[in-house]
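The transmembrane segment annotation in TrEMBL covers 21-47, 59-79, 100-122, 171-198, 234-255, 267-286, 298-318, 379-399.
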Amino acid sequence: MTISSKNARQQSSIPLWRNRDYVLLWSGQTISTIGGSVSLLAFPLLVLAVTGSALQSSIALALRTLPRTLSMFFAGALVDRWDRKRVMIACDIGRALSIASIPLALGLGHLTFAQLCFNAFLEGTLQSFFEVAYSSSLGQVVSGEQLSAAMGQEEVVEGITGLLGPSLAGLLYGVASLLPFLADAISYTASFVTLFLIRTPFQQVRTDVRRHLILEIREGFAWMWRQPVLRTMNLVNSVGALIIPGSTLVLIVLAKQQHASDTLLGVVVACGGIGALISSLLSPLIQRTLHVGRAILITRWAFALLWLLYMLLPHFWLLGVVEFLIGFADPIEDVPYFSYRLAIIPDHLRGRVISACRLFTSVSNPLGLLLTGWSLEHWGTAPTIIISSVVLGATALALSCSRAIRQARHPQPGTA
């Protein structure tokens with residue numbers, strides 16, 4: 001019996017919240033995710049304060065997201081080669097030092113736009129590697145039977161972050177502009193400590209011969225492409241990602257058109273976090289009712305229909321209901337699909353396959369934001385919302401026509 005199979009047998013007999021290593025991993029990532037959201041929201045405010053330029057602020061933000069696209073070609077292959085735990089620890093140390101340099105330079109009066117751009121690019125690069133390593137490792141820390149429950153807790157963290165991040169960022173930045181970044185540096189340090197204390201190996205021992213990096217990247221992509229569910233979802237997601245990221249931009253424009261206050265806009269956006277949090281807490285019940293394919297189809301049709309309500313509701317505050325429902329629908333798909341994806345990928349390929357999956361949306365997300373902005377500027381809100389809803393409806397129809405999606409089920413324990 002291998003070390004990995006012994007770990008799996010031990011984990012399956014331990015309730016999720018009594019699994020010491022999972023609790024350490026979850027708590028560390030919860031703290032660092034909240035800290036990261038605080039600094040992410042405060043970052044453009046600081047760039048704007050330092051430079052006085054909205055253009056330079058957008059450049060710095062772009063440099064933070066650019067590494068996600070650039071690194072997806074090789075991050076997964078490298079993470080599969082390297083020790084995943086050491087990768088995550090190194091990323092946490094690097095991010096803590098990078099973020100801590102911002103309040104240090106600010107306090108000394110030497111903070112520059114060039115440094116902020118460097119910090120943004122470094123943060124984005126380390127974040128990309130960390131996310132792939134973390135996603136690849138979760139299946140080693142919990143048993144296959146507990147993957148869905150663990151994924152549900154990931155969505156709980158997203159909901160909590162959506163609620164706490166904006167308010168904490170505004171509060172801390174209002175007291176002192178360096179505080180959000182100090183808080184983030186501390187959160188990465190907490191994550192490093194919890195990772196250091198985890199005993200479970202984050203990957204199985206690789207016995208295959210190491211080959212050229214390009215060949216290993218191709219192997220991960222080829223394996224993903226042979227899986228009909230993953231292939232279909234990735235192709236459809238590359239289209240859906242042109243629309244969904246633009247929802248916040250649509251809300252901002254609607255708020256200005258209806259003369260809604262910034263406070264009301266914040267409340268409406270927070271409603272999405274509340275919906276996601278409640279749905280995540282209900283995910284065990286939902287998964288007992290819906291199999292993977294049905295959960296995907298319900299979510300995608302809900303997105304297409306709810307999108308139209310952006311245009312139809314007469315009062316801006318009613319959009320809080322729409323945001324709540326969209327937030328509620330999101331985990332209905334995410335929890336079963338991501339746990340299904342992780343369960344079927346062989347451990348030695350997880351980093352490469354997850355990177356291949358993310359590559360499909362890493363280009364569509366920023367492109368979708370640009371297209372949404374252009375459409376709002378030239379055509380207005382109503383045509384933009386209608387086109388977006390039609391595109392989302394087309395993606396839902398495409399998934400409904402896929403037998404692989406309709407029949408998707410979680411693999412039985414021991415069969416993946």
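Numbering starts at 1 and runs along the chain as displayed.
Placed from the backbone N, Cα and C atoms, the Cβ positions cover glycine too.
What TrEMBL says about a protein is an automatic prediction, not a curated fact.
Values in this document were obtained by computation on a predicted structure and should not be read as measured data.
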Who are the long-range neighbours of the transmembrane segment (100-122) in its own chain, taking Cβ under 8 Å and residues 6 or more past its ends?
43, 46-47, 50-51, 56, 59-61, 63-64, 66-67, 94, 177-179, 181-182, 185
Stretch among 171-198, 234-255, 379-399 sharing the most Cβ pairs under 8 Å with the transmembrane segment (298-318):
379-399
Contact between the transmembrane segment (234-255) and the transmembrane segment (379-399) (at least 3 Cβ pairs under 8 Å, separation 6+):
yes
